[in-house]
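Peer 1: Got a structure for you, written out below as structure tokens; questions coming shortly.
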């Protein structure tokens, strides 16, 4: 990846950016151990200096070497980070890499040469995540824009030449001052045709030729999931969607579209029970081979599986799909159903994918298993296999469900508490691509936080709006603090020995992916993480910018509440680290872009209390005092500027007496990694007089004995 230095954040006079990087001695970052206590404020000790550049490893504490806790001669305690287990993840094959979703376009045979065309893993499309839309509206499905574009291409190919030339001349005339290239001209012609009344009429006529698995017309095609879209999206129009060219020699016929799953809101909490039931549906598409009437049991038309891939829709003529056709007293499933049992204690997922076959004469419904699902849970994702239930040789001419997908299945839990799941698989012989989705049958009794991932808006420039200033926005994450997930854009946050680690992702060349889906991130992404000698393994935090929209962010893997590496329930601990924030006040402001500032916390696990302060280099009084109460593997509390009752925090030490007052901002925090060796949190504040977005991260300390 090409690394480009981040542009220094330009802050208006009304803003304060506090980049807190604890553990530094003056302007030079110290060795990570040992580190003096950042508080250092004794009752009778000397105030001392704020940590000069030659005071190695003294992070600007309020007392010098003689500032003890009760006597000027009491040496100040020194600390070092408690060793942290390496956060090493299992290597994952490309077919099982996590994503917000995946899809594959319906396969076609070239009718000129009629060569068998197996499915190809390389043609699986990484999707960007289900789009959140206004209440009462539907999220656009993957392949819907792709279908429109293919229809548009077919329409333009059949347009009268004189009509196309007229559009061309008009666009050229409108751009005389700055002539367009042929590529630019072609794109403008395409968009002009797209907006034309004539093409919109064609689009309207296509509505009754579009089929998707959540159209709500039958029980089989009603998928009432909130966080996941999945299934097929297909359109069939012989007039405009049949492609025939001489260069290259190509002839495709049949529907266009694809099969997919697409999720939003990756789970941050999961149930703790050993048997949570999920139910839903599944869908599939097959390869193509030069053989008519290929699957006798799956044949919407004889071309399915021959000219184009057969899909789950092609088996509907043999299934119970509609409630009006159910036998008397029937209370079973419809269409292609899926069922899963999840043991969250043992981190196992098992299930089955079924075809609910209906005898057209007796009306009897037979629930026929097509695949057994077996997977292991990793964070909020699962990986495993789909094993075909019917591998008999003579079944290959009846249906395509005869081959396994061993270690070629992946999926994840969606919804804040894992209310839904979805996944995909590709069989070993590249014959069938399947997707599935399901939701909990009943609400789980108890859940536990497994991770945090969020951004706190700071400020926006140039009409950018990815983040709302001083508002928390949940980010997606696949259970790995070292990977920042922004739709289909994933950035590896690999630590180095550098004081700051910077990462960038350039603006994508296209605003859409191969499924025609609009990308969530259409601008340059810039990330800074902070450590200053501390190698955070399970917690990452810092600055995150998408174009001109700026934020601070935090993500971490929560400590378990049970087991030998759980959050302690006895004893006390010191935590030291860093913080980064953005603060504004009425008529005052100051930029601290390169400040080396300290987050200092005392945790009492037995009494479940949190006491901390966020300090800035060269100042004796804290910027924020924080108190909180522990619950499970997290905590909540309040943050206030020091001396709030006396007029607030004097932001300018030069004597201008301009202050910011923040009282009782709500703080949320968590413990991360084995045995709670890392801890972090955040808060926002938004009033007319003062605003703040702050994140902090710390590591547990052990005292260094003389």
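The backbone N, Cα and C atoms fix where each Cβ goes, glycine too.
Keep in mind that what you see is a predicted model, and the values were worked out from it rather than measured.
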Peer 1: If Swiss-Prot is the reference, give me the range from 326-354, 355-383, 384-412 marked as region 'Disordered'.
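Peer 2: Swiss-Prot lists region 'Disordered' for residues 384-412.
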Peer 1: Counting by DSSP secondary structure, give me helix, strand and coil numbers for the region 'Disordered' (384-412).
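Peer 2: With helix first, then strand, then coil, the region 'Disordered' (384-412) has 5 helix, 13 strand, 11 coil.
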Peer 1: Other than its close neighbours in sequence, what residues sit by the region 'Disordered' (384-412), given a CB gap under 8 Å and a spacing of at least six beyond its ends?
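Peer 2: Same-chain contacts beyond the ends: 93, 95-98, 261, 263, 266-267, 284, 286, 294-298, 305, 310, 315, 349, 353, 355, 369-376, 421-429, 431-432, 434, 436, 478.
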